[in-house]
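Asks: From TrEMBL, here are the annotated features:
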TRANSMEM  25-48  transmembrane segment
DOMAIN    41-290  domain 'G-protein coupled receptors family 1 profile'
TRANSMEM  60-81  transmembrane segment
TRANSMEM  101-120  transmembrane segment
TRANSMEM  140-158  transmembrane segment
TRANSMEM  197-221  transmembrane segment
TRANSMEM  242-261  transmembrane segment
TRANSMEM  273-292  transmembrane segment
Amino acid sequence: MEGGSNSSSERFILMGLSDHPQLEMIFFIIILFSYMLTLVGNSTIILLSRLDARLHTPMYFFLSNLSSLDLAFTTSSVPQMLINLWGPDKSISYGGCVTQLYVFLWLGATECILLVVMAFDRYVAVCRPLHYTTIMNPRLCWLLAAVSWLGGLGNSVIQSTFTLQLPFCGHQRVDNFLCEVPAMIKLACGDTSLNEAVLNGVCTFFTAVPLSIILISYCFIAQAVLKIRSVEGRRKAFNTCLSHLVVVFLFYGSAIYGYLLPAKSSNQDQGKFISLFYSVVTPMVNPLIYTLRNKEVKGSLRRLLGKGREAG
């Protein structure tokens, strides 16, 4: 099956836990539960950001973008995982695999950029509080969000298209839970050194550069927080920024491990579970991290539930 000449009738086999079939039902239950939490948690943040006027701020605008992204990110892969774990059929259509490849990479790259945007928002809020509303005006917020989504899309179109040009030579067994670039490179029967070099180069850019910007911005934020005289003010700024930093390290840590290790030399089982981590666990914990440490979100949720009880 040569790259670029696959018909829509071709199917790939997502191996997943084929080596450990006794674990499939356990993983099915865990992933299903995680997916339900992801849907509820991220939908709640989007709903609160829309309904509560007190949350109509740049921070929650970007947070609702992150939740929308996480919903789409996990939905692009988890339903297919659940289908493959539930029954004997482990296949995915060629079109489904290609769609998953493009969408998964698009949303992953978008999150890389969006986390930088959110760090910039926190930098302005903490370091330039008197100019915050002027700098983070609605037009700039929409522009930064658009740059995030379109930048991720551009990266996906280039990388995914380049990967699909590889010769697969009848190899249809994807030794992973989903169709993603490192797994597809492993599937190729020809020389993949150029693809690995491009993957490493692009992923280094999309991880090292944003992560460096985020860490530098937080150095300035830390200096500004330490200058705040109010203990309550320091605590609020620290909690908000810590939530974002935890999300940053979870996402970038798993992405670096999954995408920057040599595609054909990394441990296969570790690669699978790293893919599972950033496609299932990270989108689930993001809303928990933000809501558990955020009084505004918890207060908004209580007000919404209170109105619901009164209406009932």
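Cβ atoms here come from the backbone N, Cα and C positions, even for glycine.
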Asks: Which range out of 60-81, 242-261, 273-292 gives the transmembrane segment (101-120) the most CB pairs under 8 Å?
Replies: 60-81
Asks: Between 25-48, 197-221, 242-261, 273-292, who has the most Cβ pairs under 8 Å to the transmembrane segment (60-81)?
Replies: 25-48
Asks: For the transmembrane segment (242-261), which recorded stretch in the set 25-48, 197-221, 273-292 gives the largest number of Cβ pairs separated by under 8 Å?
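Replies: The listed stretch sharing the most Cβ pairs with the transmembrane segment (242-261) is 273-292.
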Asks: Average the pLDDT scores across the domain 'G-protein coupled receptors family 1 profile' (41-290) and report the rounded value.
Replies: 85
